[in-house]
């Protein structure tokens, strides 16, 4: 098969592992920077070009689109879809998952466990917003943030009011969530592929930090999931319309709650913590499903 990996980072661990796994299984792999692509949107023969040359036909695409280029990256992916190319995650699923508020609304509608979440526009609504999520401590999140950036723990009501007023003054889109104290600074990353969780790790925040992201110094260890956690992760990925997803859960007193569904989960942390060949599993999944899509 000829496989395209949409990525700006050929040197990144996840991209390199996917290339290695695909080549080891005899596939022709190309890393394509979506920002270098331009498109001919044509009802008869849609095409994608780079530097004056039309790209050849691909059998499958693996999107590794960074959050900062979601709009253009999704447009390029849509063009591949128009050309009949199999994509492990489609443009609609990626767009859904990148919109944190929309994600929460979709998951809530499906009855999937979530932290109590509030959203407002006017500073005059701040007192009600704080009460809505159970008061302080609470978590304030920038809707556009990634890797723990733009996530603030407000430990007192006064701090929460100050942070919310500051963000609203900057016209930033934010949401407020209850603080799940019993999680003790740990979350669980479930790696969902199709209708299975193929790997899972517990991420523990470093001392003095509440964000467990590995980019912020958190540590990862193998974890055993409960049946409810496994089911929640699979349902969350399916709700977003994603075949491949990193679903982040917290263990709360009322069961697992979903914090985020990531459409482009990194492989380095999960492969190191679980010693599983996740990259190979992804390529195997593509082989099976790309061929199914053709038949």
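Including glycine, each Cβ sits where the backbone N, Cα and C put it.
According to Swiss-Prot, the protein carries these features:
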- 141, 178, 179, 187, 211, 212, 213: ATP binding site (BINDING)
- 248, 260: Mg(2+) 1 binding site (BINDING)
- 248, 260: Mn(2+) 1 binding site (BINDING)
- 260, 262: Mg(2+) 2 binding site (BINDING)
- 260, 262: Mn(2+) 2 binding site (BINDING)
- 104-287: domain 'ATP-grasp' (DOMAIN)
- Task: Could you check the binding-site residues 141, 248, 260, 262 and say which one's CB has the fewest neighbouring CB atoms inside 10 Å?
- Result: 260
- Taking the Cβ of residue 179 (ATP binding site) as the centre, how many other Cβ atoms fall within a 10 Å radius? 18
- In the domain 'ATP-grasp' (104-287), averaged pLDDT is 92
- Item | binding-site residues compared (178, 187) - highest count of Cβ atoms within 10 Å | 187
- At the level of the C-alpha atoms, what whole-angstrom distance separates residue 248 (Mg(2+) 1 binding site) and residue 179 (ATP binding site)? 15
- Determine, from DSSP, whether residue 141 (ATP binding site) sits in helix, strand or coil. strand
- Distance [Cα-Cα, Å, rounded] between residue 179 (ATP binding site) and residue 260 (Mg(2+) 1 binding site): 15
- Note on the structure: CA pair residue 262 (Mg(2+) 2 binding site) / residue 187 (ATP binding site), Å rounded to integer, equals 14
